[in-house]
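Feature annotations, courtesy of TrEMBL:
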- 1-41: region 'Disordered' (REGION)
- 44-149: domain 'Thiamine pyrophosphate enzyme N-terminal TPP-binding' (DOMAIN)
- 241-360: domain 'Thiamine pyrophosphate enzyme central' (DOMAIN)
- 451-576: domain 'Thiamine pyrophosphate enzyme TPP-binding' (DOMAIN)
- 482, 509, 511: Mg(2+) binding site (BINDING)
């Protein structure tokens, strides 16, 4: 019997492969010169942490001050290579570190004990789901309070200080509670190197009385990390490539599909190399948009079942073999478990494992190495792409708006498409922007980010702040729904303080549209705000910010011309007022299928 891929856990990567080589991080000296000595008064934990963050590529840290982290923040802001970005709340600080890590490769946030830690927890969980190395630093209790049975403020009123730590254990890959100078250096470096190695968030709690105390272990500049690379089992690689090549070379019309774990596997170039060598039709899963150049000659769009790019689903699902590189099959990406895929036709390539059909399975084979080796063994086969080209009909254009006709969402995204270039990046908020932004055609070099696995509404405000701060050369174009914006609106203030130049399209349709299409009810209607008035109040005449409200295509055209012309050096906030029922057809289809999956009756006991 055929097995459906979209509902199986068997495709998930595993980390307990027998015979895997060691994958521990180590630190070693690069070059022959010893690190410079630091004056004893400056040889502090706070300075070491600041220098270590700079050394791994963090130039901005997102923070919310609290009495347990104030001394630590003093040391961080004293580091010339590090800028403190004060955020309006901890959730947005975490989202900003998430957005920063997407562009820079690592991000960091600093909050206070428990009351701050539990506020940032949701953002750290999202970063964990997206495989992003975020360093979450918490100012902890005074060392003298541990083990004293005292009750501290900012806690839930128990003398047990481990509540926060226990919450972080499931959403970070390493936790360090630093309340002893003797092992502080080791704990901090182990935590940070583990985040880089595992590409997951870590938690570091530092007692509030420790950052400024000198200690001999901090008497030299941090030695540059040399993380031991994950190694492929060469024998396993050879056998896996031989089996995969035989599987693919006997297929008549094979295809390849990129998944979101291309990022954590650092296999983007290898995936392109395999696409060039194989000649296969290439698509990406929705959460992998932006991970493959859409200008590639064999790119056919987003594979998202019934709601993907036109003709893409038909080509993928009719193939007799498909290679998925780094996929995540969940209820959202499988459109309510409705993908028409067969496991026996699939090669699933995860960051460190390859599974061919119903078996065999090969562990300790890294995706990058596997794709590069397979590219040399696979026969060129353009049949699937030729079939796509044969059946392809160019998409139609939306009906042109009449003069002063209320603006439609599909017309708005036509204009957003024209904004895109190598100097821009798109941030798509959870909601209908997922589907409308998927249809944007990304020019080479244009960034694209959204949070599909965790899908936390409001993520995009903090992520826009962090992404724009990490890549100041790009202008971020954020598409945010009104319901999502109400969750995290405050940190538009921080964007203005940081002199960012993003363009925010606030899509005002009066509610949680994505929820409406899954299951409607009065709870999906929100109080309408004067969004431009709110941002004007936040702006308060300080910094560069320009807002406008548009209701027609003519007004939108004028607003975009202003945002890209006279106000190109401003943060631009464009409130787009559309009808509450103006949604993409993809959301209508997706919502009904996800609703069906959510409403399945319990299996009989």
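Backbone N, Cα and C define each Cβ position, glycine as well.
Nobody curates TrEMBL annotations by hand; they come from automatic prediction.
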Quiz item: Per DSSP, how many helix, strand and coil residues does the domain 'Thiamine pyrophosphate enzyme N-terminal TPP-binding' (44-149) have?
Solution: 50 helix, 22 strand, 34 coil
Self-check item: In the chain carrying residue 511 (Mg(2+) binding site), residues 6 or more apart in sequence that have Cβ under 8 angstroms from it
Solution: 482, 483, 524, 525, 526, 580
Quiz item: Would you list the DSSP helix, strand and coil counts for the residues of the domain 'Thiamine pyrophosphate enzyme central' (241-360)?
Solution: 39 helix, 26 strand, 55 coil
Self-check item: Under 8 Å by Cβ from residue 509 (Mg(2+) binding site), same chain, sequence gap 6 or more
Solution: 481, 482, 578, 579, 580, 582
Quiz item: Of the residues in the domain 'Thiamine pyrophosphate enzyme TPP-binding' (451-576), how many are helix, strand and coil by DSSP?
Solution: 58 helix, 28 strand, 40 coil
Quiz item: Including all protein chains shown, what's the count of other C-beta atoms within 10 A of the C-beta of residue 482 (Mg(2+) binding site)?
Solution: 25
Self-check item: Cβ-centroid neighbours of Mg(2+) site 482, 509, 511, 8 Å, sequence order
Solution: 481, 483, 507, 508, 510, 512, 513, 526, 580
